[in-house]
């Protein structure tokens, strides 16, 4: 009896309890997750100025012109002018290498886009966002250091603005109006400091002629947002300024935008603060090799206000009975038609598209001819087998824009002019004249024959990082029809499978079951027969 | 008939732990394969990896046990009676014919079992373990060595998984074909099975 009892105990132990224990340990091990790294960085907002600018006599004068302010700045901050004049903020172009095409100089100065087609030639309006004072035409002197506008970046009073249509000049006594007054220069000059969010945002939020038109992930909501919109810049979070990540040395602000640059240099990366293994979790940290942080941590962009996704220029130019331009809004209150610009599609809470990207980019240069439709305004380099490439979230802005049918080139339009009758499309609605004048200003040939062609531009998404609870879950990509459906130059677990193996495997299982059922029925029949 | 101990404690522990792990690997593995939803993709990945490690450790113990006890001989295929065993399953079993090969302590597996288990031990388990750990540690085209992505590894692993599923299903059915419907199951739980008396070797 005792023997029987101990046998039963052993049986329960080895056949039940120990296997369950192993299973339990396995489940426990599987449930283990490391704690994510905590980041501790000193923010620029904690910076204490070493001087009080209001004490300086030179800043207490009645400046007549912003150039005089610049001169006063440079009298103490010697050599800074050279730093500023070496940056893309000043030059609006960079010498960079496009892989396979060699060194080129690209930037807002000379590239085309599929928003307003290009800045050059529309200076009065577009160059308002240049950090110079009055780049109104080709006569602007890039070698004159007094043309630097120190205040637009360093103003802390929120009272210094560049005037609309003045190519980057603030209002003067001649141009001042209800919307733009002459700045109080002594007040502004005595209250300068490190750039705040809105110093950067005044240009970078409004590119393309309105809030969030271009980027989708950079807009005025970031000035006062919650963590749901951006964990870094949130008011209820660390409330970081742009320059906390875009670290700056000698006026070279790190970070760049790939719609206007090409080379994998001077970039900023999440691992500056977060390390390359921030999750302390192997399976997640492994993804760093091939997946940009942004891909999982920015599940959607344009989280507060809509961004422009599609722009069809071909319908622009319609006027009402009295020959004036007009506008129509969509259900959300965004323009979906403007006579001066055509039709738009806006969207908010947009899921990005995903592409391989290794930090280098090709561009449609002003000397290029069109080789495909849609025309790629820029294209991101990278593929699975490129060890430097990662999967990135991208805003793709698509549209239809004017091109020269005979020369097979995208056209730089003259859109803006101060007055009617100067050939600008926004004033005169004349495609041919606007195209001719725009191309002329850019020293490019124009045949007189134009039509519209589809185009797309790729903007990697970097901002509007979500709280970790809203991060993409695995299944968003690791499923048959997930976010990475279009990116199929590699085997992705959960998405991909071998058709033949799956058919054969399920076939085998099916046949096994059929065989078992048949055999089992045979045994039942035999059982009754043999009784 | 005599009650004989045919499965040692370790063998039973090995068997049932293996069963539990394979079941877990099957469910999580096919969820990762997007065949169905079970625990959620992420949980399944973590469970699958942990179960893979557990399976590896168990396998190391099993190899050690086989070498030390010499029980590996049980899994070596034999030529004799393969056909008879197959005929038994196809014909004899329906006529109440006796098992063609006697189950003894020294030869617990019939000739067909030997072939199948040998195949599992020599081919399927190693392939699953190797491809499984490549899956864990090899990720991208050039880390740690150049390979054209995960595809070959993943497809092989899937193939092995299908074979294992088919084996498990067939196995679950075939254990009912012992002396009685449950005698094989009882033996694997208690260790003891009633076997026909054999000549005691001296």
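Even glycines carry a Cβ here, placed using N, Cα and C.
Marked as domain 'Cytochrome b561 bacterial/Ni-hydrogenase' by TrEMBL: B:7-191.
According to TrEMBL, the transmembrane segment annotation covers B:12-30 (among others).
According to TrEMBL, the transmembrane segment annotation covers B:50-68 (among others).
If one looks beyond the transmembrane segment (B:115-140) by at least 6 residues along the same chain, the residues whose Cβ comes under 8 Å of a Cβ in the stretch are 49, 52, 55-56, 59, 75-77, 82, 109, 147, 150, 153-154, 156-157, 160-161, 163-164, 167. Per TrEMBL, transmembrane segment is recorded for B:115-140 (among others).
If you look up TrEMBL, you'll see B:152-175 (among others) marked as transmembrane segment. Panel annotation: around the transmembrane segment (B:152-175), residues 22, 25-26, 29-30, 33, 116, 120, 124, 127-128, 131-132, 134-135, 138, 184-185, 188 of the same chain, lying at least six beyond its termini, place a Cβ under 8 Å from a Cβ of the stretch.
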Long-range Cβ neighbours of the transmembrane segment (B:50-68) (under 8 Å; 6 or more residues past either end): 10-11, 14, 17-18, 21-22, 24-25, 28, 75, 125, 129, 132-133, 136
